[in-house]
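K.L.:
Dumping what TrEMBL says about this protein:
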type    : residues                          : note
DOMAIN  : 61-168                            : domain 'THUMP'
BINDING : 186, 187, 211, 212, 268, 290, 299 : ATP binding site
Ligand code: ATP
Ligand code: MG
């Protein structure tokens, strides 16, 4: 019976010193994700391998789903680990493994043996042939196919233990979170920004988030939706420190002083500024947004250039070249879509002009912003200082 999982990870780019960092982070993330489930697991790193062994009852599907959220995992192999008690016992155990794993014996197979223990008294070829023979004899419906088998049975002889597995369930891929610095996600209640956060976390980046809240124009429910989204992303990224910035006064001030068709772009420049300040305070090395070229007026290339001008940190925009449907597909896959489409107002849409500029001119925008000189610095400072922190 399956009591263990062999965790496969892609080793490309994981060399030298980085390899240990990568493996240790991955081991620790697997440990944490399994700790939340029912059952006791030990997660061990052993000569270039990571295993999760259960020492109590557990829910198989729950374990697989949890592991499918851990970035860095390329494949999950449910495995039976047996002790080496001689050749005859190995044959028996293999037959039992086949019987339990495949109730329907109408399949083609191939046995693939690897010996880390070269002392083992039979060669890999011999073992492949002997095991193949006994499987065919015991289950006559099966057939051998060495080129494209339905079932590729791996037999790994390692020291005193022998691993048997045949299934490789795809993992999420990517790199373990925490192996590649930290970045600040501008998280709204929409579809795009949770996807953007997921994509950057997948590359090993730790995520913090900033949400711009505009009470009473945006409700507590809208804020809760963002918290819910952060929690959904945190299933993959690990805990997210969410900064909730009260943006109402700044929005009203801009609304009062600046041309309404420039409102969105000016507002977005201040959002980026505040997010960058919070990012730098916490050691984030970049910003992340869910912007995609051409999706709305504030995301034309001209608008993006004007927004970007306020930032000194690099801005990562992982969905920049995606169509909406492509972003929706990812949000459905990662489970954020249903929450993202809940109908709660967004602070950007409330103050939006009927005809926002689509080709803003940087000089004109800066000129409009001079009308804010009197109070804006103090307001920005206030917004940063009073940001509420929610651990998601
Ligand atoms: P999303 O689906 O992510 O809300 P969107 O298509 O609605 O994106 P915009 O509203 O123009 O696009 O926002 C572009 C990006 O700016 C968002 O993806 C997000 O990163 C950031 N953003 C927008 N509104 C907020 C907000 N209220 N708080 C934090 N970030 C925001
Ligand atoms: Mg939005």
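Note: Cβ is positioned from N, Cα and C throughout, glycine not excepted.
Describe each of these features in terms of where it is and what it packs against.
P.N.:
Taking all protein chains in view, 23 other C-beta atoms sit within 10 angstroms of the C-beta of residue 268 (ATP binding site).
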K.L.:
Sort out for me which one of 186, 212, 299 has the most neighbouring CB atoms within 10 A, since those are the binding-site residues we care about.
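P.N.:
Within the set of binding-site residues, the most crowded position is 212.
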K.L.:
Mean pLDDT for the domain 'THUMP' (61-168), as a whole number?
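P.N.:
Looking only at the domain 'THUMP' (61-168), pLDDT averages out to 96.
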K.L.:
Go ahead and report the DSSP secondary structure tallies for the domain 'THUMP' (61-168): helix first, then strand, then coil.
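P.N.:
Secondary-structure composition of the domain 'THUMP' (61-168): 37 helix, 32 strand, 39 coil.
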K.L.:
Might you list, by sequence position, any residue in that chain lying six or more from residue 211 (ATP binding site) with a Cβ less than 8 Å away from its Cβ?
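P.N.:
In sequence order, the residues whose Cβ lies under 8 Å from that of residue 211 (ATP binding site) (at least 6 apart) are 187, 188, 223, 226, 242, 243, 244, 245.
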